[in-house]
C-alpha cells in the first residue's frame, strides 16, 4: 500500500470522512427545519381551540318579533342581589325566624316563586348577561374585557323606552354605558372594601333611586319620563357578594345582608306603589349566582347555581296552593350540572305553595313579556308561563313570540352558513319550519289553543337544537383536520427517527431505487400542491377565517411529505413483515405500554395522587428485577426502592404549600448529606468494574475537593440565610438590604460553580445538584425543599438502573466502528430505548406536580420570593417563581442528557421521541378542552392542552440551557482504548 496509504488506505479514509461530514451537515439542517416546523405547527394548532370551542353565539341582523298581546305591566323593577344563595334566602335563622319576611309574604300572598338555575361559570358578568339579555355568554368574552362588551348584544334594557340603573361599576356600565335611553350611576371602586360590612353598597343603590323619585317632583321632564310605559328600573345589590367573599356565607354579616336586601325590596315596593298608585308595576327579585361555603363562586355546585326568584305585581299570577313537595316540572331541562328533582326542603316552609323553577336565561323573556316588548334578539330563554297571568289566547301569543325570536336566530345562522357553503347540510327537523308556523297560526285562528301551545313549544325546542347545530357546524371538519395534522406530525417524526437514528435506514435504503423514488416523489408533491390549491379556493369562496387555511395547509403539507416517502414506508413495511412474529408482538406490547403510560400522565394532570401509586409500584418492581438480574451482592435494588418510595409521598401533600422554615433548613443538611454520599461513591468504587462508566477513578485532586467543600458551604449558608432573612422580615416587616444582597450573591455564584467540576458523569451531576440547591432553598417555604432531595435520589436511581442494564446487556461489546451510524459516534436507537423518553416524561411531569406548584393555575405562592424581593414587582417576582419551577426540570434534563451519553444513544433522537409522546397527550387534551364550567375548569383545560403543546419549544430550550452543564461529560469504558486504536 505505497504512496503513503495507511492501514485503511487514505482515499478510502477520506471518502468515509467526507461522507460522514456530508451526512452530519444534512442531518443538522434537516433537524433545524424539523424543529422550526414543529414550533409553527403547535402554535397554529393551539389557536384551533378558539375556532372550535370558543366562538361567540351572538349573530346580528335579526328583526325583533313584536308581540301580539297587550302589555300586562307599564314598568318593571329588577332587583339582583349579587351572590345570594337560595338556601340562605329561604331557610330560617337559628331562632326560627325567616330572614326575608317581606318577600316571604309576597310568595304567600301576592306572587310566584322558584329557584333560578345559573349555568357555570357562576360569575357576575355571565349571570347578569343571562338575566338581562337571555343568553349564556361565550367564556372567551372574559379574555376580551369584563367591563366593555366584546361583542354588542341586545338586552331587555335596549328594548325599553328608558332604563334607570344603579349599582356596581363592574355591572351597570356593561348594559347602560352605551345606552342612550338610560339614566345610570355607579359608586367608585374604592367603595368595594372587603374589610367592612358591604351592605351599605345596597343602601347606596336604593338611596340613588329614592333621590331620583324625589327629584322628579321638582323636574317636570323627569316626571313625564317616569310616567311613561315600558320603563325598566334595575338596582344591583352587591352587598351579599362582597360580604360572602370577605366573611363567608355562614357569617352573621352575610346573613344580616339577606335581611337588608329584603328590606330594600320592601321599601322599593312601597315607594313605587305610593308614587304611581296604578298597580301597573311588575317586580322581579333574583340573584346572578350563589356563594360556596368557602366564600367563592364559579363552579357548578348547587350553592353557586341555585338562586332565589320571586316575581309579583302587574301581570304576575297569584300563589297557587298545592299538596306534595312543591316541585317544578321534573322533565324540564336545567342548565346547571347537578341533580334536580329534589323536593323543596321542609325548613323553607313553602311546601304548600307551587314552586316554578327556571333557567337563568328564562328571566329575560319573562321581563319582555311582562312589559309587552320584543324578546332580546339573541335570547335563548324559554318564557316560564307559571309566572305570567294571561288568558289562554295571550299565553299562546307570548310563547309564539318567544319561539319566533329563537327561530329567527336559527334562520339567520342557517342563511349565513348556507350563503357561504358550497356543500350545505341543513338542520333537517326544521326544513319545513314555514309549514309548521303556518299550522300553528291556523290552530290559533280556530282557537285550538291547547294544540297550538304544544306545537309552539315543540318548535321552540327544535329551534334551540338548531342553534346548537350551527354553533358546532364546523366542529367535525376542524377536529378531523387538526387530529389528522397531529397524527401526520407524529408519523413524520417516527419516519425521521427511523431514517436518522436507527440501523433500519441503511438496510431499507438498499431496497430502494433512488431515481425512481425521486421521479414519483415529484408527482406526490405536485398532487399535494394541487389539493391545497383546490381546498384554499373552496375556503376562500366560503369566506372561512384565515386560520382555517393554515390548519388545512399544515395537515396537507405533512401528509404530502409522508406520501413523498412512500418508498421508504413500503420498504419499512416489507422489512417489518419479514420479521418473526415475536418481533411484531414485542412491537405491539411496547406501543401498548407507551400509550397506557401516556394516558396515565394525562389523568395525572387532574389527579396528582396517581404518582404516589406509580412510584410505589415502580420502586417495588424495579428493585425485584434488579435483585434477580444482578449476579453480585449489591445495595442498588434497595436504594432504587427506597428512593421511589420517598418521592411517592410528595404528591399526597397539599398543593398550597404551608410555611415551614425548619423543614427548609433541615433540607439543606439532607442535600449536603446526599452530595457527600455521591462524592464518596464516586471516589471509592474503583474496585467495582460495574461502576466504571459513571464514576471518576482518577486520584483525588485538591482543586476538585475544594470545589465540593465550597458548594457544600454555600448550601449550608443558604440554609442559615433562610432562617435569618425570614425571622428579620417577620419581626421588622421588611427585608434587610444585607440579607437581600447575600441571597442574590449565593444564588448567582452557586449556579456557576458546576461548570468547573470534574467531567465524570456522577461528579458533574453531583456538582449540578449542589449548584442549584442554594437557589432552590432560598425560594422554598416548606416541603418542596425536601422534594428537591427526593427527586435527586430518584434520578440517581434511574442512572444506576440504566448502568446496570448497560452492564447486563454488555452493549460495549457491540461498539464496533461500523455500528455507529449517527452523529457524534452514538449507537443506533433500538426498540428497548423507548423506555428512556418514557421515564423522562414521567419525571418531567413529576417536576411539575411534585411540589404542588402546578396542581392548579392559582397555586403559586408569592411568599416564595420574599427572601429576594418584598417590594411588589410583578415581572421580577414572576421570573423568580418560574425559575424555581425550572430547577427540578433542569435536574431531570441534565440526568436525561447524561444517560444518553452513558448508553451512547443520540440525544436529539430521544428528544424527538419525547415530542412524539407529548403529542399523544396533546391529542387527548385537545378533546378534553371545556367551554362550560367554572373559569378554573375552563382555564385548566386550556392550560393543560397548552402545556403539552408547548413542550416542543419548552423542552428544547431547557435542553439548550442544560447543555452548558452537560456537554463535556465524559463516559469511561473498557472499550475506549480499543476504539482509539481503530
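The backbone N, Cα and C atoms fix where each Cβ goes, glycine too.
According to TrEMBL, the feature transmembrane segment maps to 33-54 (among others).
Each residue in the domain 'Sulfatase N-terminal' (249-319) has a pLDDT score, and their mean in this model is 93. The domain 'Sulfatase N-terminal' feature in TrEMBL is assigned to 249-319.
The annotation domain 'GPI ethanolamine phosphate transferase 1 C-terminal' is assigned in TrEMBL to 465-934.
Per TrEMBL, transmembrane segment is recorded for 475-501 (among others).
For the transmembrane segment (522-541), the residues of the chain that approach it from at least six positions outside its boundaries are 420, 422, 548-549, 552-553, 556-557, 559-560, 563-564, 566, judged by C-beta separation under 8 angstroms. Positions annotated as transmembrane segment by TrEMBL: 522-541 (among others).
Per TrEMBL, transmembrane segment is recorded for 547-564 (among others).
What TrEMBL lists as transmembrane segment is 585-604 (among others). Remote same-chain residues near the transmembrane segment (585-604) are listed as 576, 610-611, 614, 831, 834, 838, 841-842, 845, 849, 917, 920-921, 924-925, 928 (criterion: CB distance under 8 Å, separation of at least six residues from the stretch ends).
The feature transmembrane segment is assigned by TrEMBL to 610-627 (among others).
Same-chain residues lying 6+ beyond the ends of the transmembrane segment (636-657) with a Cβ under 8 Å from its Cβ atoms: 608-616, 618-620, 622-624, 626-627, 630, 781-784, 786-787, 790-791, 793-794, 796-797, 800-801, 804, 846, 849-853, 855-856, 859, 861. Taken from TrEMBL, the feature transmembrane segment covers 636-657 (among others).
Annotation source TrEMBL lists transmembrane segment at 707-725 (among others).
Residues annotated as transmembrane segment in TrEMBL: 737-756 (among others). Within its own chain, the transmembrane segment (737-756) has Cβ neighbours under 8 Å at 707, 710-711, 714-715, 717-718, 721, 724-725, 728, 764, 767-768, 770-775, 778, 867-869, 964-965, counting only residues six or more beyond its boundaries.
If you look up TrEMBL, you'll see 761-779 (among others) marked as transmembrane segment.
Marked as transmembrane segment by TrEMBL: 836-855 (among others).
Nonlocal intrachain contacts for the transmembrane segment (875-896), taken as residues 6+ away from its ends with a CB within less than 8 angstroms of a stretch CB, comprise 765, 768-769, 772, 775-776, 779-780, 787-788, 791-792, 795, 798-799, 836, 840, 843-844, 847-848, 850-851, 853-854, 860, 862, 864-865, 868-869, 907, 910, 955, 958-959, 961-962, 965-966. Annotation source TrEMBL lists transmembrane segment at 875-896 (among others).
Here the transmembrane segment (547-564) has Cβ contacts under 8 Å with residues 40-41, 44-45, 47-48, 51, 478, 481-482, 484-485, 488-489, 491-492, 495, 521, 524-525, 527-529, 531-532, 535-536, 539 of the same chain, all six or more residues outside its ends. Taking H, G and I as helix, E and B as strand and the rest as coil, DSSP gives the domain 'Sulfatase N-terminal' (249-319) the counts 29 helix, 15 strand, 27 coil. Distant neighbours of the transmembrane segment (33-54): 138-140, 474-475, 478-479, 482, 485-486, 489, 493, 496, 545, 547-548, 550-551, 554, 558, 912, 915, 922, 926, 929-931, 942, 945-946, 949-950, 952-953, 956; these residues of the same chain sit at least 6 beyond its ends, with a Cβ under 8 Å from one of its Cβ atoms.
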